[in-house]
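**Student:** The active site, schiff-base intermediate with acetaldehyde feature in TrEMBL is assigned to 196. Residues annotated as active site, proton donor/acceptor in TrEMBL: 232.
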């Protein structure tokens, strides 16, 4: 739908003003804060993407995925029997089998996601990955080669088969908010189940203005097609307060129905630690020492 893409216009100052307003919203407190934080936990893609990952640290990550918050803290909140886990475990293709076997041994059905390229997609799916993260070629966006971008993503979608596909736009490298909107639209047209801001390793990762633009694209795509596409901000989200801000932005822009793991994820490796610390403080009234949250 190139005609659709050519009509895109984004007002950057208005987007930035809207994002600034969101950051000024009053933070929720008490039990409401705890509820938002537990919701955030269920939307986290717990990630390790290090070149020196080993089976042992992947197994440890999977244990934390199943038990993201200490059991006694959940009991104090009467949430111990609600099945609270993270949304997915994300690893490189070489560690997919380790993650799948660890989660199977733990008796849980948390999906394994893998960040990969076209040649590796089918192999990752064969290994047991149920979610595939792909990264677009930024040069196609910068040169306005929208048909080429569509074809690249479509081929990846075809290779994914039954696995869900998250398309990483690397928004900090696309040059403008208009390009972010257009790339979001092309990714959804080509069959992406999720659109994701970044890998987490770029200089600029998830920002609220970019989030606003991507969510507006998701909303327009839903209005035009009836298809709901998920959203995932990734990189730089490290605190519980930031997680709540993103949840509130999703609620404001897309509605409550998007506040579930099927349509919203938080890409983070260190966020869960801060959330558990905040839950600990809410339950006990004191701040956690390092030994209190040994698995964080």
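Positions of Cβ are set from backbone N, Cα and C atoms, glycine also.
Locate each feature and note its surroundings.
**Tutor:** Over all protein chains present, the Cβ of residue 196 (active site, schiff-base intermediate with acetaldehyde) has 29 other Cβ atoms lying within 10 Å.
The Cβ of residue 232 (active site, proton donor/acceptor) lies under 8 Å from the Cβ of 45, 166, 194, 195, 196, 197, 264, 265, 266, 267, each on the same chain and at least six residues away in sequence.
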